[in-house]
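The active site feature in TrEMBL is assigned to Cys247, His326, His410, His414, His443, Asn447. Summarising the annotation, TrEMBL assigns domain 'FAE' to 104-391. Sequence annotations record features per position, and here TrEMBL assigns domain 'Beta-ketoacyl-[acyl-carrier-protein] synthase III C-terminal' to 409-489. Annotation comment: TrEMBL describes 44-65, 86-105 as transmembrane segment.
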Amino acid sequence: MADSGNIPGGGADVAVGVQIHHSSSRLLPDFLQTVNLKYVKLGYHYLISNLFTLFLVPFIIITLVQASQTSSHDIHHLWLHLKYNLVFVILFFAASVFALTMFIMTRPRPVYLIDYSCYRPPDELKAPADQFMRHSRLTGDFDESALEFQRKILERSGLGEETYVPEAMHSIPPRPSMAAAREEAENVMYGALDSLFRNTGVKAKDIGILVVNCSLFNPTPSLSAMIVNKYKLRGNVRSFNLGGMGCSAGVIAVDLAKDMLLVHRNTYAVVVSTENITQNWYFGNKKAMLIPNCLFRVGGSAVLLSNKTGDRRRAKYKLVHVVRTHCGADDKAFQCVYQEQDDVGKTGVSLSKDLMAIAGGALKTNITTLGPLVLPISEQLLFFATLLVKKSFNPRVKPYIPDFKLAFDHFCIHAGGRAVIDELEKNLQLLPVHVEASRMALHRFGNTSSSSIWYELAYTEAKGRMHKGHRVWQIAFGSGFKCNSAVWQALRNVKVSSNGPWEDCIDKYPVKVVS
């Protein structure tokens, strides 16, 4: 039993100024002085979340007591009553069967994630910071100011020394040709898909839905057509190719696959997420367009989804929610990540100085929509109560920030850069362990665009932290401007699949990232 005083905990301790006295000479410990706010909050959460159950228990008890007092004479009387009201009984059972049938036929089928795979480039494509800077200087395309700017970005980016750039960028001079870009796309997509098919045992001919997303490289035939041709997918496969949708397109692709699986029953869907760097490297000196060079690296993922009831036994996760937020109606949001040509005609992606503020607004809109779907009732009531007080009585009252740690066990925040992860950790009041997967994915693989959230999920699995019932929040930002969320629930204690991206290096992590 705790002594009177403060108990150290993870959050701020709260001392309530109430003394408890006892008529005898012996005093009880002052429990209220030792209460930690997080435990009060946790108890409140359990109470409110189980409020329906608490009200239901007395009703069940009363029903059981009443049933126990029913005599054989009462049962015989009820039987006679039903016997002479046969039409009513038949209609009742017919209506019940009809309602049950309609419920089973119309309810959405669960979407299961059987497995996924992340591409691991060969070691010869690694680009340490000193090699990156040496190659940038040797190209002759950058002036001293641009080179110094890139050096500073690299130092503060959170990227480690083992990230990858495509083979075309290792050449001096670089060769950003169409053929080299196709080669990069093939290596990434086929590498991830080969591993996925090998791990799951699913045949390519069994795939009924294919969704591919890549923002900046959209050749003809499309990337999805390249996959159909490579793996000889069946002629009636429903294929989609998403372009120009930025780093959040992976969640959009999952949402599209989910909608298709709700319509087309008893089939598999594959989602391939990647980005292509070869033809999208910026060779100019405009600083707002140099940042992607320093952050984006080679990577990609392939995800196998299913709506087959029998696949629940072997699936890793079930898709719970997808929430998409689009702020493109606002001009500043629309232009904050913008592909254009600089003053001398060199093409690149420009990042606005308002990017973080716009991302914050998009995040606020997204979690406002997501919150009621995932937060326990206790958090929703606290948020509503403080909002009511602020609007009606005291405008100075700070709005209550819901504790998303009560809704999710793991967070996969798009590894767009160190600043993005820092801001979400601060604004969502997360602990370092909650953003560890994002920081380590950024350190080891860099910003792999829409596939980054899968490298992060693979990190969590490789650490052995994913247990049955755990909920995962994947959240990503993209040009347009968009903020998209996907929520998954683990169906078992998830073990890491073979040939994972962290297979030979997970024991080295987490590492300390220099600020």
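Placement of Cβ uses the backbone N, Cα and C atoms for every residue, glycine included.
The shown structure was predicted, so the numbers you read here are calculated from the model rather than taken from an experiment.
The active-site residues shown are Cys247, His326, His410, His414; of these, the one with its CA atom nearest the CA of His443 (active site) is His414. Broken down with DSSP, the domain 'Beta-ketoacyl-[acyl-carrier-protein] synthase III C-terminal' (409-489) shows 37 helix, 21 strand, 23 coil. Taking His326, His410, His414 as the active-site residues under consideration, the smallest Cα distance to Cys247 (active site) is found for His414. Within the set of active-site residues His326, His410, His414, the entry lying nearest in space to Asn447 (active site) is His414 (CA atoms). Most other Cβ atoms within 10 A: among the active-site residues His326, His410, His414, His443, that distinction falls to His414. For the active-site residues shown (Cys247, Asn447), fewest C-beta neighbours within 10 angstroms: Asn447.
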